[in-house]
Structures are given as C-alpha cells and as structure tokens.
Number of protein chains: 2
Amino acid sequence: MAFKIGLLGLGTVGTGTVQILLNPAQRHPLVQELELYRVGVRSLAKPRSVALPPSLITTDLDAIVTDPEVDIVVEVIGGLEPARSLILKAIAHGKHVVTANKAAIARYGAEIFTAAEAAGVYVLLEAAVGGGIPVIEPLKQSLCANRILTVTGIINGTTNYILTRMQTEGGDFADILADAQRLGYAEADPTADVDGMDAADKIAILASLAFGGRIKLPEVHCEGIRQVSAADIAYADKLGFVIKLLAVAKRESQLPTESTEQLQLRVHPTLVPKSHPLASVNDVNNAILIEGDPIGQVMFFGPGAGAGPTASAIMADILNIAAILKVQQSGTVRSHGTPVLDPLLACSHQSYCTIVPIEALVTRFYARFLTRDSPGVIGKLGTCFGNHDVSLESIVQTGLRDNLAEIVVVTHHVREGNFRTALDEIRAMEAVSSIASTLRVL
Amino acid sequence: MAFKIGLLGLGTVGTGTVQILLNPAQRHPLVQELELYRVGVRSLAKPRSVALPPSLITTDLDAIVTDPEVDIVVEVIGGLEPARSLILKAIAHGKHVVTANKAAIARYGAEIFTAAEAAGVYVLLEAAVGGGIPVIEPLKQSLCANRILTVTGIINGTTNYILTRMQTEGGDFADILADAQRLGYAEADPTADVDGMDAADKIAILASLAFGGRIKLPEVHCEGIRQVSAADIAYADKLGFVIKLLAVAKRESQLPTESTEQLQLRVHPTLVPKSHPLASVNDVNNAILIEGDPIGQVMFFGPGAGAGPTASAIMADILNIAAILKVQQSGTVRSHGTPVLDPLLACSHQSYCTIVPIEALVTRFYARFLTRDSPGVIGKLGTCFGNHDVSLESIVQTGLRDNLAEIVVVTHHVREGNFRTALDEIRAMEAVSSIASTLRVL
C-alpha cells in the first residue's frame, strides 16, 4: 500500500520534490512506495517544468489537507498565511506534515507542535534550515544523547555570498548587494536576508531542538550586515579574521540544572578567526557547527538553498515518516488511544527557554571610530573604556579617512552592557565624529 | 518500562557510554528510559574509572547476549573474535545490536545483516565510521532520497595527524610516526592505520550504505602513506595541493541502470587542491564529503575518534532503537510474523556491488623520479608516457637530490593501466634511478 502525498505548492522546491518522486531509480526503494496523489497550486494556467496528469492538480488546497486519502501533506508554498492555516487543518485531519517553512515554524511552532502532538502526527522540517544539509534530523537523532552547548551557524546564503564577495573583491556592501540582486542571489526586497531576520528564524528553530524548549522569536537579538564596510573587512583581514553573519545559540550555564534553560540567542556579523572551521565557508554555502558533551565539535556543511538540496531534505522527511508508519502499522497489539510518536522525531517541548538579554553577553568586540585628529583622542577613548571595565587588547590609529583619523579598537572579553555604556559616552565626545562600526569577535 | 542494555566491553568507549547513561540530565529524556542491565568485561580485577555495582559486572559475555531480559546488546570490545560470535548469538536471541566494530562489520557484514533481517532486529553502527560524526544515520535517513554519486572521506585520524604534521613541520614520515606513537596518536603496531586498512574497512561500510549493495573487502584498492615523503609534500604545496589519505567510493556510471552497481572503491594518499573542503581537515579530525543527486555536495566534519565522540554515536544508536521500539510496541493490530523493521534503519542488501579494477580508473597522477642527469631524460620520459596515451600537464626538473636529478610529472586525466604500463617501461630505463613516488590527484 503506497503512502499518498498531498503537495502544496509547485514552485522551485515543489518541482524538485516531484522530480525525485517521478525518478525513483537508484534511490532508496521506499521512494517507490510513495504516491504523488494531489498537487495544490495557485494557478492552473502557469507553465510547469514537470509533466503531471491534469487530474492531479488543483487550486483547492483545502481539499488536499482534508482529503481522507492523503497520508502526508507537504507544504512548500512558504510565507505565513495560508501556510499556517493549511498546516493546522492538515494536522486536525490527521495528516503528517512536512514543511520547508522556517518563517511559519519560527512564529507558530508552539501552536503547530501542540496540535501535532494532540493529533498524534509528525511535523518534520529538515528543509527549513540549511537547505539540503542534514542538520535537523542529526540534532534530533544522531546527537540526541549529547548535552548541546552551542549551535553556531552560517545559515543565510545571501549574506554569506555578499560577505564572501566583499572579502575577495574588496567592494562595499551596497554595490555588491545590487550586483547580487541582478544575479538572482538576493531578492528585490533583501530585508529578511541582509537584516538577519531569516537567520533569526532559523537559529530559533535550531535552538528549540538543541536545547529542548520553545523560543519566543522576538527575543532573538538580531543585527544584519548593512553596517559592514569594505574598511572593516580589510582591518579584520589584517587582524587575522574574516567577517561572517553568524547565528549563535549558546547554553549560558554549563552546569546541568533542573530549571529552564538560559540561552544566548543572537544573529550578528562577527569576526571569525581564519583558522576556524566556519571561516572557510564561502559563497551561498551554509554550515552549522554544533558543540556538545561528550561529542565535542561537529560541523555540517553544504548548499544552503536551491531546488535540489531543499527537495532532498523534503524527501528525507517524507521517507522517514513513511518508514515509521510501516513500523507502526506492523506493530504489536494495542487497542486504544492515539499511536505513540517516535520520541526522537516528535517535538513535545512545553516550556520556554529563557533568553539572556544581550547586555549580559560577555564577548570580545571590534569597533572602528572616526575622530577629529586632535592629540590625545586615543587616550580619551582608552580612559573611557577603562572607566567602564572594558579591557582593551589593542587600540590603533589606522590612518585617515575623509580627513578624519580612523581608530580601530579590539577588546578582551567584556560585558556587552559595559561596552555599550562606554560607546554612549564616546559618541558624545567632541573629538569623535562617528562610531563607524561595532562588531563582535568569535 | 525501561529498555535493558547489555554492554560488552568497558574500555574507553564502553566507559564513555556508561558515563552518559549515568548522567542523563540535559540530554534527551529518552536516556532516562534506558537501564544499564549488565556489563561484560574480561577481568573483574581491573580498576575502572566509573563506579558500577559489582552485581552488574560479569566476565560471562555469553550470558549477557543470551539473557532474556536484555533488549539491546552494545558491542564495544572490538576485534574480530569473540565480537563476531557474540553479535551473532545476540541476534539469534532476538537482541538488537549496537556496535562500533568496523573491522567485524566490514568482514562479516553480510552474515551479520542476513541474520539480523531473519531475526527482525536492528544492527546499528554509527560509531564504526568517523567516531562521533553523524554520517551513517544521515546516509541512511537524511540523504536516502538521493542517488549517491561519490563518498570521499578522511576517515583515519592517525594518518591525518601524521600528514598534517608533515605538512606543517616539513618532517619525514618515519620521524613523525615515531613521535605520534610516543604521544599516543599512533599505535605500537601502526599497520592498520598507516597502510590504509582501517580506512578500507570504513569506506567499505560507507559504500555499502551509500550504494545499497554488499562489498567484498579485498576488492577495496588500498595504499597507505608510508611512501609519502617530505619532498612530495613540499612539491604538492608548490603546485597548490595538500596530501591527504582519502577513501573514495564512486559510482562508475552516472546513468541509472537496472544492473548491479559498478563502483570505484579505493584508499590512497591523494593530492587535494587547497581550496577543496577536505584540504583544511587537519590533525585527528575526520570529514566525509558526500555528493548526491539532487543534493550536490555536503560534508560532515568532526572528531574521528575518542571516548566521548564514539560514545555519543553509540548512544544515538541505542536511543534510535529505543524510540522505534516504543512506536512498534504501541502500533496497531498485527497478529503474526516478525515485526517489520524500519526500512531506512535496517540493512537488507542482497546483491554485491561490482568493483571496477584499479587499472580501469581514470584519474590524474603526480609522480616523482630520480634520474641520472643525462641530457634528454625529460624527453625520454615524455615520449614513453606519450606512447602509452598518458597526456602530461607538466614535467619539471625540480633540482638535484643525492646527486640525482629529480623530475616531477603531473598528468592530465589518464587511464591508470596505461600509466602503470608506462611506469614499468620507465623503471627499466638506464637513465632512471628510481620512481620515488606516485600519487593520485583529486
């Protein structure tokens, strides 16, 4: 008996998924037990690159998620609505759900997973983070015995592409963004990518899985890459760093306790030492570095987007559900209640993680100041930082820019709140024209 | 109801596993449903770094694998016997098996998996390849919809450590091996590592999973790193390469066919371009690069050995079995026969993969010759290669060594059989003192 798939959306990822379903040779034999049963689209008139019988295709998406014949609903339409409502309706009708929708899961995960648990169905989302890179399932299964300490990812391909080109070409952000838009690597409205919101959605999902608690998305501290300039990249390079947009989720306390988890959760451009495994992740590639006890550091690397990789992840989720349904349907006697869900694949967090405010973060900073070349300005900066317990590793006048003296500061590990208070004071100084950039150092 | 674990072996990995079982806090809650029920050791007298009730420990390993109470047998004693017999006896008694034993699985996999399928039990082996790096389970599950094209790995930590030190220090193989032995990174008898046999075991296992067929271990072409010299590493560096011991499994034909798979399967030192993701995998780290359709390239990176990482992998397998048993035990009615195994986790290959002989391999070569500095020797070499259809990219006299002229050749893609025939002819030339090394180029 085949497992019947109801596919919502026939864009890039939907088409990639159909192409695998229609070409099972040399893939796992279980692919042949899947039946593409219905495909929901917005417009029947739109030309498609896959040939499907017209009887399969419908614009009535509601009819798919409520069809008693459908076993698994695959949602690849994206966006918040109607995706959220369709997912919830599919769950209410007892369908398992596979989705690539990071935005909907990051915002409505609590609602969706609560409904899924009550209905005894799976909601899998490997494709939501890192495109084709296996990371959700390894977190749930392969690393499940670990106490996860940190998840650090380059999980937005557009910004990594822009930063890589800024690094190799020496260009400025605005020019390369424009070129990336022309080439299709950045969207016409690049906000979600370049301002870090897409990465924030994804790290919220990863943190929830890694630390076993729900995440309130607005609590993710989020800075994008608009402030990163060619000058910063050049100075970072001299100091032995590359600049990457990192998404970081970190257990604040290293000690096991009974209370809810205290987490750092943040997205920001970061100076990464060139020898670090994430430093050489370039172009549109993604990578997720996970540190756990007792595993140490493991990294997952690959294409962070694209039809093929994302379809690979979608199909993995479909096949995992099909495999477990085969086990369940063959199981030993049990006469009542909903079936028990696989405790590694299902998501049953009840409590919320506590997110530590960014002011409490202890990290190293890089900052670049433009100052009027008055004698003693380095001394003034140094004194001000010292007054606020911000210990400096180096403070260097790097040259002149626009008739202003450019001063680059790198701190030791300091409390972010202290650093910001010092910056506020520095910003008010007569001798200081502007704070051109402040970046964290990994 | 807890799942009862019978642990065979309390060495490094066994101890690491016990430490996770005894410290479940902040790990997946399912860890708390596992019960360490029996531990089999060779000697009761040996001091242990974990405190266990004496009643748990026994030297009677047979009693563990036949105990009706035991659900999952964990084999971490290593070696071929009694590991193989204990695994088979456990299977015969209906136990699921988790093992880190690459040597036994690479040799007796067919026997073991046939028995497991007949008995309706799982034999999981994440820890057998890449230490803690999730790669077996991602291959089985996350990448299962892909048509795998190549698996390329740095999967032996000892040789990678030696090659990394040769690269950074400029030292020769024998000296650094001796130092690695002193430091505990290489064993007193380093044969299995430095001659590539350990990597051959592991790539045979990965190939079997990636290409869905059994592998005859002696068919893996296997060369170690003893012939790699400081001179080769220095020349490779100048040419833009690092030298790594790669294990490669590659589908020979890219076209889906109905026949059995034709594979390249080989372990050898290889010139890897410095920009390649595997080039920066250093020290005892492992990495496995998998290329599939439609995913493209993904890489898994991390610690290839050690108690913690390996225990993490062992525990993942245990928890996966426990999770699926919970599903199975709660399943719908079925009154007869053995339970259906999860088709992604179980291993049911029947046919053997066909391994293409190494002579048929088409690859690029690097070779280094020591010749008597007679005029025209470069011409003689060039002519000989040309006569055998071996097209050269470069042929350079790099200098003098031991009063001999040193000539380094890099070929285009050529058939290995042709290259070898040319080498046989060159070896017989009066002007040629020796062929110092021949290495393949990725």
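Counting starts with 1 at the first residue shown.
Each Cβ is built from the backbone N, Cα and C atoms, and glycine gets one as well.
Heads up, TrEMBL stuff is auto-annotated, nobody curated it.
Here is what TrEMBL records for this protein:
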- A:Lys202: active site, proton donor (ACT_SITE)
- A:Leu8, A:Gly9, A:Leu10, A:Gly11, A:Thr12, A:Val13, A:Gly14, A:Thr15: NADP(+) binding site (BINDING)
- A:Lys102: NADPH binding site (BINDING)
- A:Glu187: L-homoserine binding site (BINDING)
- A:366-442: domain 'ACT' (DOMAIN)
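Between the C-alpha atoms of A:Gly14 (NADP(+) binding site) and A:Lys102 (NADPH binding site), the distance comes to 16 Å. Rounded to the nearest whole angstrom, the C-alpha distance between A:Lys202 (active site, proton donor) and A:Thr15 (NADP(+) binding site) is 23.
Residue pair A:Leu8 (NADP(+) binding site) / the residue listed as 'NADPH binding site' shows a Cα separation of 16 Å. Per-residue pLDDT, averaged over the domain 'ACT' (A:366-442), rounds to 93.
The CA atom of A:Thr12 (NADP(+) binding site) is located 16 Å away from the CA atom of A:Lys102 (NADPH binding site). Each residue contributes its Cα atom, and for A:Gly9 (NADP(+) binding site) and A:Glu187 (L-homoserine binding site) these two points are 20 Å apart.
Within 8 A of the CB centroid of the NADP(+) site residues A:Leu8, A:Gly9, A:Leu10, A:Gly11, A:Thr12, A:Val13, A:Gly14, A:Thr15, the other residues of that chain are A:Leu7, A:Gly16, A:Thr17, A:Val76, A:Ile77. Separation of the C-alpha atoms of the residue listed as 'NADPH binding site' and A:Val13 (NADP(+) binding site): 14 Å, rounded to the nearest whole number. For A:Val13 (NADP(+) binding site), applying a Cβ distance below 8 Å and a minimum sequence separation of six or more within one chain yields A:Val76, A:Ala100, A:Ala127, A:Ala307, A:Thr310, A:Ala311, A:Ile314. The residue listed as 'L-homoserine binding site' and A:Leu10 (NADP(+) binding site) are 20 Å apart (CA-CA, integer value).
Note on the binding-site residues A:Gly9, A:Gly11, A:Gly14: the fewest other CB atoms within 10 A surround the CB of A:Gly11. Reported as a whole number, the C-alpha separation between A:Gly11 (NADP(+) binding site) and A:Glu187 (L-homoserine binding site) equals 16 Å. Within 10 Å of the Cβ of A:Leu10 (NADP(+) binding site) there are 23 other Cβ atoms, across all protein chains.
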